[in-house]
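Peer 1: Before anything else, here's the structure in question.
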Amino acid sequence: MDSVQKLASGFTLDLGPLKEPLGFIRVLEWVFTIFAFATTGGYSGSSHFTLICNGAETKDVNPVFAYPFRLPKTPYQIPSCNGSKPDDTYLQGDFSSSAEFFVCVGVFGFLYCTATLVLYLGFQHVYRQTSRGPIIDLVVTAAFAFLWLVSSSAWGKGLTDVKWATNPDHLVMNDQCNSTCKPGEFPSMGRLNASVIFGFLNLILWAGNCWFIYKETPFHKDPNPPATMEEEGAPGP
């Protein structure tokens with residue numbers, strides 16, 4: 001309880017850091033991180049093709065898929081032209097690892113941005129009191145930049161595979177459909193395309209922010225410190 005009171009008493013709101021690259025870029029990271037995992041998590045879509053019976057009658061088939069893109073999890077049925085009960089059919093491919101990794105990086109990045117913004121704006125004196133704070137911040141930010149590179153690349157490849165597995169042209173090649181099916185509309189994936197873009201934008205932001213955090217550490221030294229009048233000495237007669 002005492003530690004909470006001490007922490008609260010040390011809080012001093014100062015919006016000044018938001019005018020500096022260190023705080024401003026962190027706000028951009030916070031926003032783009034939300035966009036990255038929000039456009040991936042919670043996504044649901046469907047493919048579409050049409051079964052043609054007796055050359056005239058048509059029956060729509062809409063295979064559904066959703067995050068985390070374990071495609072065989074949700075079965076769909078291709079109607080039978082002769083009225084018999086159709087068997088369950090499944091989309092092929094499990095792309096959950098890359099999607100969940102991408103969302104996980106986004107969620108943890110969001111939490112870290114939130115924590116550091118509180119530190120920048122409310123405990124700036126604590127952050128700059130010792131060199132430990134900026135050094136830890138630099139290491140963690142660099143680690144997130146690397147994670148954004150890996151997760152965005154992996155999810156970009158995973159999204160390409162999801163598009164192939166849910167392509168109506170690919171689905172009508174199913175043996176149960178043969179030549180009686182006609183491909184329909186391609187699934188709407190603009191939201192997922194945006195998620196990959198946001199992932200690489202986060203890579204640029206987090207990697208670029210490393211420079212501004214580096215300037216707060218003792219590793220960054222001014223190569224030409226200004227000389228004081230005392231150091232220059234008194235002028236000669």
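For all residues, glycine too, the Cβ spot is worked out from N, Cα and C.
Those TrEMBL annotations? Automatic predictions, nothing curated.
Found this in TrEMBL, in case it helps:
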type     : residues : note
DOMAIN   : 17-218   : domain 'MARVEL'
TRANSMEM : 99-123   : transmembrane segment
TRANSMEM : 135-155  : transmembrane segment
TRANSMEM : 192-214  : transmembrane segment
Peer 1: Who are the long-range neighbours of the transmembrane segment (135-155) in its own chain, taking Cβ under 8 Å and residues 6 or more past its ends?
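Peer 2: For the transmembrane segment (135-155), the far contacts come to 40, 97-99, 101-102, 104-105, 108-109, 112, 116, 127, 195-196, 199-200, 202-203, 206-207, 209-210, 213-214, 216-218.
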Peer 1: Would you kindly list the residues that approach the transmembrane segment (192-214) from elsewhere in its chain, counting only those six or more residues past its ends and only Cβ-Cβ distances under 8 Å?
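Peer 2: Those are 20-22, 25-26, 28-29, 32-33, 35-37, 39-40, 43, 102, 106, 109, 134, 137-138, 141-142, 144-145, 148-149, 151-152, 155-156, 159, 162, 220, in sequence order.
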Peer 1: Check the domain 'MARVEL' (17-218) for me and report the mean pLDDT.
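Peer 2: Mean model confidence (pLDDT) across the domain 'MARVEL' (17-218) is 88.
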